[in-house]
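**Student:** Got a structure here, written out as structure tokens. Questions coming.
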Ligand SMILES: Nc1nc2c(ncn2[C@@H]2O[C@H](COP(=O)(O)OP(=O)(O)OP(=O)(O)O)[C@@H](O)[C@H]2O)c(=O)[nH]1
């Protein structure tokens, strides 16, 4: 074969090869891949439990992750909602009223100077730490060497008591699969909402009256106007586009739309993992009676079950029995409680708890606060001070990067049974402190769980945990899909 013949053959072969390659590339680019995508590996945190990440269980992370910005900032305070006299407040009659002491010209005994500020721990029980006036009404005193400041020590059980409580340590229910175990409690009260929605949507074409009924049902379940409107709009569009005819199709669509409204993409991990040089600090805030102490206790159990060392701070000094209640929760899982005398300054207790937590190298300090103040200003003063003082304790006693250390998590506890009122409370608290997560309690006793939608929508913070009963282990992580499934029955 001569060279003249080879040239056209080579050209034809080259063209064929090019067509083949281009065709293959175009075919592959149009194909839908059914291979699961590469899952992102989670970074190795300072996790002393060996990297525990519960599947359908609790998810803990280290502080520092950003949350969404609030979408609503004009919330008005629901002043007075939280002004109830504590359940077990002792009644005082006139015979119990003490006359004021005469003014002392001299500084009160037992006063001390901390960083140039007068620290007074006997007379008025007032203490100043870095310009912050803190009342202290303490039983004992102790020293935290790291910060060179004498601070009030904690009430710790004596050895005999400690041995007794150690013997009585509870067995904690597994933390994984909690929501599955407790889902029945949600379903009981929620099914009615789901049933009526499915009854309306299952028939296919809906007239205006039926859409109004859908709207009403969502509003009655406390989803709030913006979420209700968004859900209805999305349902109307999708039902037409997908020509939904059967109840099964309606259910699938409704499920999809509701889950979307719950923003499953939000980070719901509880920032309870310790940092390199200090524990994580979690403040638990909320109106009295919502379940703050119970939630703090339940969360401590989950952390202990996860292999963490936990220290509790009883900064709810308003209700006499709150500290006892918290201490009992702690004793049941072998966690100590830092507490002061009744009426002591919550900020002082929070300071002590953090300082001691750092000193003892615990993994997490959980601080239970009081939410009983009559005015927004009062609440702001108290909670703001607790947070500032807590952060001061972190910054003073820590080293290096911790100079800017902040509270890792501020969990707002809301009682789901109070409906709209819960939202008003949430707004007040969100104005006072930067809430990083919400715990919705008593969801076992209400069909008004729709408040979840509203709280997230207005505050821009995720609901992280839900309380599903009075039992010690009736706390579960919040999972949008499971919640909607329970709602739809
Ligand atoms: N059914 C039910 N009851 C709960 C739940 N969480 C808390 N409770 C109950 O709510 C009541 C109040 O709980 P506490 O933890 O004392 O509330 P608190 O917010 O600390 O109240 P104060 O100490 O007065 O500020 C208690 O009887 C708890 O058992 C829950 O998820 N479901």
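Yeah, the Cβs are placed from backbone N, Cα and C, and that goes for glycine too.
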**Student:** Out of 55-93, 94-132, let me know the one TrEMBL marks region 'Disordered'.
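**Tutor:** Based on what TrEMBL states, region 'Disordered' spans 55-93.
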**Student:** As a test of reading the model: what is the averaged pLDDT for the domain 'SRP54-type proteins GTP-binding' (462-475)?
**Tutor:** 92
**Student:** Can you tell me which of 289, 292, 369, our binding-site residues, come within under 6 Å of ligand 1 at the Cβ?
**Tutor:** 289, 292
**Student:** Using DSSP, how many residues in the domain 'SRP54-type proteins GTP-binding' (462-475) fall into helix, strand and coil?
**Tutor:** 0 helix, 6 strand, 8 coil
**Student:** In the structure shown, with every protein chain counted, which of the binding-site residues 286, 289 has the densest set of Cβ atoms within 10 angstroms of its Cβ?
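**Tutor:** It comes out as 286.
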